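Student: Pasting a structure here, questions to come.
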Amino acid sequence: MAPLLAAAMNHAAHPVLRSHLGPNNESFSRHHLSSSPQSSKRRFNLSFTPRSARVGNQNGVQLLSPSEIPRRDWFPSDFIFGAATSAYQIEGAWNEDGKGESNWDHFCHNFPERIMDGSNADIGANSYHMYKTDVRLLKEMGMDAYRFSISWPRILPKGTVEGGINQDGIDYYKRLINLLLENGIEPYVTIFHWDVPQALEEKYGGFLDKTQKRIVNDYKNFAKVCFDNFGDKVKNWLTFNEPQTFTSFSYGTGVFAPGRCSPGLDCAIPTGNSLVEPYIAGHNILLAHAEAVDLYNKYYKGENGRIGLAFDVMGRVPYGTSFLDEQAKERSMDINLGWFLEPVVRGDYPFSMRSLARERLPFFSDKQQEKLVGSYNMLGINYYTSIFSKHIDISPKYSPVLNTDDAYASQETYGPDGKPIGPPMGNPWIYLYPEGLKDILMIMKNKYGNPPIYITENGIGDVDTKEKPLPMEAALNDYKRLDYIQRHISTLKESIDLGANVHGYFAWSLLDNFEWYAGYTERYGIVYVDRKNNYTRYMKESAKWLKEFNTAKKPSKKIITPA
């Protein structure tokens, strides 16, 4: 999860992009100390910090008092706590054991200047070779579940079943899934987390396929391979992760692979259309999602699984007290959440998007709408922070540049009083505002029928650059992250008490990893990865607290099964 990289756009004055610069116009993206690495057999450190050391003021962070710290027994025994990752960000082994090239492999290798530190995820966190270590960490922390994604080009190197199924890729995920289950950890699998087979990009433009058939069919076949090979043991599926982010950044701003944007904007391939292509890709994603869910319900229903998709949702607060700013907030939420949620709830895009994007927004056929409506029995919400929404007049003086400009609302980091919405949390775009999560869950309850929800990502990143290096000891003493996680878990309890239908929480991320266009300049993990010393893992204070949380006075474990 990451916001628009405004500096890369050279549009700092643009009203919708102002919020993505800090007060000094700095750019930003989205995620027991040992002096030497452990042996290769045990590359992580589980030394423990007493609970008493994690109260009061730590490194300038005022932590919750002991009575305020959330407890596991606040939640039902079948409520899931876990951690999340994605394939491209952590696996590495980019060209090993038959894996094909992904859009991100191609992007990072051909446009390294588009990554903040010029890096790539050829090795990532080396999890392809260290997955056993990662599962041991999850087990030690008492996690109920692990959310990870399956690399499409690792399973289908050429993107299609006709191009061949890579058995080595199948076997890798089977080993991972089996090991998780042997350790009492439930796998939550994301089928697509932004890594398109490069072969499909070159064949027909990937998700820009104008026929609305080839990418939908190829994705459906990929999903079928996943269901066939893993469905007997995987009971929780997410078809797509953050489609709004993927489409807007890949084809709007161009900061994500394949790096497309309109002429005149600053991206790798400025021959696209930032006002149209995100909507084409988004439409294809929704059609592919509907086909995959239809397939699952027809042929795999006996496996008693859950299936849905995960949305990235940034909370919105009106900039001022005017009715216009309140409406700006609503339009912003329509593009942020409603763009992909309303089609699966009621079969079409939000009214405000239809009114403002007009002919740029594709239409669904009656048959497509029939498959879309109700194509989920669970949904994921990825929440990091909130922002102010300020009205922009609809007039000839304002010309949208990006698809997200169709909200006619500027997204402001600072309110009318010059203050941000909450305390800054390390990387400049995240501010502590747990109330935003509660607001979103109440929207899901009151507007969208209160579906079963999982918080599938929640976390902060610590900046670690050449100009501002983060010492290992400081990274391990991540009290801001600890405080952030505790306050959001407490807010979850409040939301559930208000009737929110929430069933689980996943911290983002299990590991420090490759953070897309930010490269390795931000550390989102609850576990530190020492990339200079054999990718040794060390638990941060946040991970140690989660271990205490998960194991202290825990109700008898009961894995969630579908109703």
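Heads up, the Cβ atoms here are built off N, Cα and C, so glycines get one too.
Annotation source Swiss-Prot lists transit peptide at 1-51. The region 'Disordered' feature in Swiss-Prot is assigned to 17-43. Taken from Swiss-Prot, the feature beta-D-glucoside binding site applies to Gln89, His193, Asn241, Glu242, Tyr384, Glu457, Trp508, Glu515, Trp516, Tyr524, supported by similarity to another entry. The active site, proton donor annotation in Swiss-Prot covers Glu242 and is backed by similarity to another entry. Annotation source Swiss-Prot lists disulfide bond at Cys261-Cys267. For 322-358, 391-402, 447-450, the entry in Swiss-Prot reads region 'Dimerization'. As annotated by Swiss-Prot, active site, nucleophile applies to Glu457, with the evidence given as sequence analysis.
Describe the structural context of these features.
Tutor: Within 10 Å of the Cβ of Trp508 (beta-D-glucoside binding site) there are 26 other Cβ atoms, across all protein chains. In the three-state DSSP classification, Trp508 (beta-D-glucoside binding site) falls within a strand.
Taking all protein chains in view, 25 other C-beta atoms sit within 10 angstroms of the C-beta of Glu242 (active site, proton donor). DSSP assigns Glu242 (active site, proton donor) to coil in the three-state reduction, outside any helix or strand.
Taking a C-beta cut-off of under 8 angstroms and a sequence separation of 6 or more, Cys261 (disulfide bond) has the following same-chain neighbours: Tyr251, Gly252, Thr253, Gly254, Cys267, Ile269, Pro270, Gly272, Ser274.
Taken together, the residues of the region 'Dimerization' (322-358) have an average pLDDT of 98.
Residues 341, 345, 499-501 of the same chain lie 6 or more positions beyond the ends of the region 'Dimerization' (447-450) yet place their CB under 8 Å from a CB of it.
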Student: Using the residues the record lists for beta-D-glucoside (Gln89, His193, Asn241, Glu242, Tyr384, Glu457, Trp508, Glu515, Trp516, Tyr524), what whole-number Å value is the largest Cα to Cα distance?
Tutor: 18
Student: Which of the three DSSP-derived classes (helix, strand, coil) applies to Cys261 (disulfide bond)?
Tutor: coil
Student: In whole Å, note down how far the CA of Trp508 (beta-D-glucoside binding site) lies from the CA of Glu242 (active site, proton donor).
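Tutor: Given the Cα positions, Glu242 (active site, proton donor) is 14 Å from Trp508 (beta-D-glucoside binding site).
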Student: What three-state class does DSSP give Trp516 (beta-D-glucoside binding site)?
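Tutor: Assignment for Trp516 (beta-D-glucoside binding site) reads helix.
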Student: Measure from the Cβ of Cys267 (disulfide bond) and count the other Cβ atoms within 10 Å, all protein chains considered.
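Tutor: Within a 10 Å radius of the Cβ of Cys267 (disulfide bond) lie 27 other Cβ atoms.
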